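Working notes, beginning with the structure itself.
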Amino acid sequence: MADTELAQAQEAISPTNIKPHRLNNYALACALLASTNSILLGYDIGVMSGAVLFIKENLEISSTQVEILVGVLNVSSLIGSLASGKTSDYIGRRYTIVLAATTFLIGALLMGLAPSFPFLMAGRVIAGIGVGFSLMIAPVYSAEISPAMARGFLTSLPEVFIVFGILLGYIVNYALSGLPQHINWRLMLGLAAIPSLLIGCGVTAMPESPRWLVMQGRLGDAKQVLIKISDNVQEAGLRLSEITKEASSDHLDSSGAKWHGQGVYKELLLRPSRPVRRMLIAAIGVNFFMQASGNDAVIYYCPEVFKDAGIHSKKMLFGVNVIMGSAKTSFALLSALFLDRFGRRPLLLLGSAGMGLSLAVLAMGSMFLEHSSSKPLWAIVLSVVAVCGVVSFFSIGLGPITWVYSSEIFPLRLRAQGSSLAISVNRLVSGVMSMTFLTISNKITFGGMFFVLSGVMVAATAFFYVFMPETKGKTLEEIGALFEDKNTNSSVDDGREMR
């Protein structure tokens, strides 16, 4: 597009000349379908919290083996998340989503048919690799097809599906808990094969990311996709112009040569520019604190926490889980709906501060119950409310915003592998937390553990305040400027710095 045409298009679709954007139905459908992949992780988190009680009794395994069984999925997901960036640059975003669903399908079948502990571990390792792929690719794909004014909502959909999967897992636990224990946990885990099969088939109807198509020199295909996900042809032309301009500034040949992500990790880790270094700090930081908050561990081991608090009926334990899952799902959806209105920073700061307070209340409630022989009802109710507060504030802030932020702050050339690197930290910390939560809690009590996590969230709130700029309403091509030096004056210097 010529400069005059580009200027006319920018003026035509500027906020002063058009009505507020309505959400494009085709873009919404694509984001929904891609994000459905995330339901697999959520279902595993939710269903495993209950299934592990029966697995421990049926297979006669120790508490240490329980921790390894729960945590190995998160550790093995590190493999998938590390490989997903390079893979998606090579085969495309869409087929990476299919690969994620297929891998999880194999793992789910192995878990459901597992005759022994080693067989079950193998299934969780394979399923974890699929989870690692899906955690990176779903938000990246959603971000790359979304218009700027709706990107927060569409890119936070993976978190909505994760918490819906958690709730679904809780409901399945409750429904199947009455079956014989050598059958119920196998059904709980094996049922995950059904959504993964449907997802793998459904994703084939999705278009490829227009930004990936531009990197492959397929401008005609990219334009056709942009026309479908934009309000009009003029807007599609402007978006294509912005994407090709960034591809050109990133030395990606959009005239026909294919690019497969070569040299990106070297640029990210060995010789990052100052803006790229700031992006890495922000992306790795938010992913680190997402899991250092202990949210996943609290969900995995919630039945153990409340069993220690005095609730011994498995039905009651699963009922508390359903209440917690309902609260988490409601607030995740609420956050997604308002993310583009209020912005990333306010919700992230509110969520992390609220988690810190809720964890402190949970710590005090747990400590009281640990030292009380009567286990008063009010203290149990307070602890249940505090747990609901922890997961609700997580769903307001860190839950959705981690995926949004990780997928939108990197420039086109670095986006997939930068997100992959940040989410690998996420999975590593999640694995460490889930594999050590019970051991540490046995040493310092659940109350002491929750006080430590409360302190972590205080540190997280300070980190977010200092290092996380607001990205609301910016196009993916504009966000890089937020991480530039403040005294950078020329756009030419900006381009050189970003390279």
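Note: Cβ is positioned from N, Cα and C throughout, glycine not excepted.
Marked as domain 'Major facilitator superfamily (MFS) profile' by TrEMBL: 30-472.
Look at TrEMBL and you will find 26-55 (among others) tagged as transmembrane segment.
Same-chain residues lying 6+ beyond the ends of the transmembrane segment (61-83) with a Cβ under 8 Å from its Cβ atoms: 44, 48, 52, 55, 100, 103, 117, 120-121, 124-136, 296, 300-301, 420-421, 423-424, 426-428, 430-439, 442. Taken from TrEMBL, the feature transmembrane segment applies to 61-83 (among others).
The transmembrane segment annotation in TrEMBL covers 95-113 (among others).
The annotation transmembrane segment is assigned in TrEMBL to 119-141 (among others).
The transmembrane segment annotation in TrEMBL covers 153-175 (among others).
If you look up TrEMBL, you'll see 187-206 (among others) marked as transmembrane segment. Long-range neighbours of the transmembrane segment (187-206) within the same chain, counting only residues 6 or more positions beyond its ends whose Cβ lies under 8 Å from a Cβ of the stretch, are 30, 33-34, 36-37, 39-40, 43-44, 47-48, 50-51, 94, 97-98, 101-102, 104-105, 108-109, 111-114, 123, 127, 130, 169, 172-173, 176, 179.
Marked as transmembrane segment by TrEMBL: 279-301 (among others).
Per TrEMBL, transmembrane segment is recorded for 316-339 (among others).
Within its own chain, the transmembrane segment (346-365) is flanked in space by residues 286, 289, 293-295, 309, 335, 338-339, 379, 382-383, 386-387, 389-390, 392-399, 401, 447-451, 453-455, 457-458, 460-461, 464-465, 468, which lie at least six positions past its ends and keep a Cβ under 8 Å from the stretch. Annotated transmembrane segment per TrEMBL: 346-365 (among others), in sequence order.
Among the features that TrEMBL reports, transmembrane segment is placed at 377-406 (among others). Within the chain carrying the transmembrane segment (377-406), a Cβ under 8 angstroms from the stretch's Cβ atoms is held by residues 135, 138-139, 143, 151-152, 155-156, 158-160, 162-163, 282-283, 286-287, 289-290, 293, 295, 298-299, 302, 305-306, 309-311, 320, 323-324, 327-332, 334-336, 339, 344, 347-355, 357-359, 361-362, 365-366, 368-369, 419, 422-423, 426, 460, 468, 471, all 6 or more beyond its ends.
Sequence annotations record features per position, and here TrEMBL assigns transmembrane segment to 418-440 (among others). Within the chain carrying the transmembrane segment (418-440), a Cβ under 8 angstroms from the stretch's Cβ atoms is held by residues 63-64, 66-68, 70-72, 74-75, 77-78, 81-86, 132, 135-136, 139-140, 264-265, 268-269, 279-280, 283-284, 286-288, 290-292, 294, 296-297, 300-301, 304, 402, 406-407, 410, 449, all 6 or more beyond its ends.
According to TrEMBL, the feature transmembrane segment maps to 446-467 (among others). Residues 278, 281-282, 285-286, 289, 292-294, 305, 308, 345, 348-349, 352-353, 355-357, 359-360, 362-367, 370, 398, 437, 440 of the same chain sit 6 or more residues outside the transmembrane segment (446-467) yet have a Cβ under 8 Å from a Cβ within it.
Relative to the transmembrane segment (316-339), the listed stretch 153-175 leads the set 95-113, 153-175, 279-301 in CB pairs under 8 A.
Confidence across the domain 'Major facilitator superfamily (MFS) profile' (30-472), taken as the mean pLDDT and rounded to a whole number, stands at 85.
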